[in-house]
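Structure, as structure tokens:
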Amino acid sequence: MFSRVIFCTFLILPLLAAATAIPRTNPPAPTCTTGSLQCCNSVQAASNPVVGLLAGLLGIVLGPITGQVGLTCSPITVIGVGGTSCSAQTVCCNGNSFNGLIVVGCSPVNISL
């Protein structure tokens, strides 16, 4: 009698284990609530001489900037729709964009697009 109980227990336990839900951890969505997501080929400090030279050639006065400066950027509108991809640095920028050549007030966002 006990052998049947033990046999049924060992038969049912794997089925219960297989039916147990597996918790999924989805990566957090990128947070860029204060600006816009940009895909920049390069992200530099505002004090970098290359940034100052490029800004000077374009006639842009940078002034005091918080964050970093994105160079050669394009906006990312909707993630996952229409083949949006960024093979460079994804940043969240809350400053001015000068035709995508220079975008000020950027901070890196760790997402994979």
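Heads up, the Cβ atoms here are built off N, Cα and C, so glycines get one too.
Small disclaimer: the values here were computed from a predicted structure and weren't measured.
Take the candidates Cys32, Cys39, Cys40; Swiss-Prot pairs Cys86 in a disulfide bond with Cys39. The disulfide bond recorded by Swiss-Prot for Cys32 joins it to Cys92 [selected from Cys92, Cys93, Cys106].
Looking up Cys40 in Swiss-Prot gives a disulphide bond whose other cysteine, out of Cys8, Cys73, is Cys73.
For the pair formed by Cys92 (disulfide bond) and Cys86 (disulfide bond), distance between Cα atoms is given as 13 Å, rounded to the nearest Å. If you measure from the Cα atom of Asn110 (N-linked glycosylation site) to that of Cys40 (disulfide bond), you get 13 Å.
Using Cys32 (disulfide bond) as the reference Cα, a 10 A cut-off selects Cys93 from the disulfide-bonded residues Cys39, Cys40, Cys73, Cys93. Secondary structure at Cys73 (disulfide bond), as computed by DSSP, is strand. DSSP assigns Cys86 (disulfide bond) to coil in the three-state reduction, outside any helix or strand.
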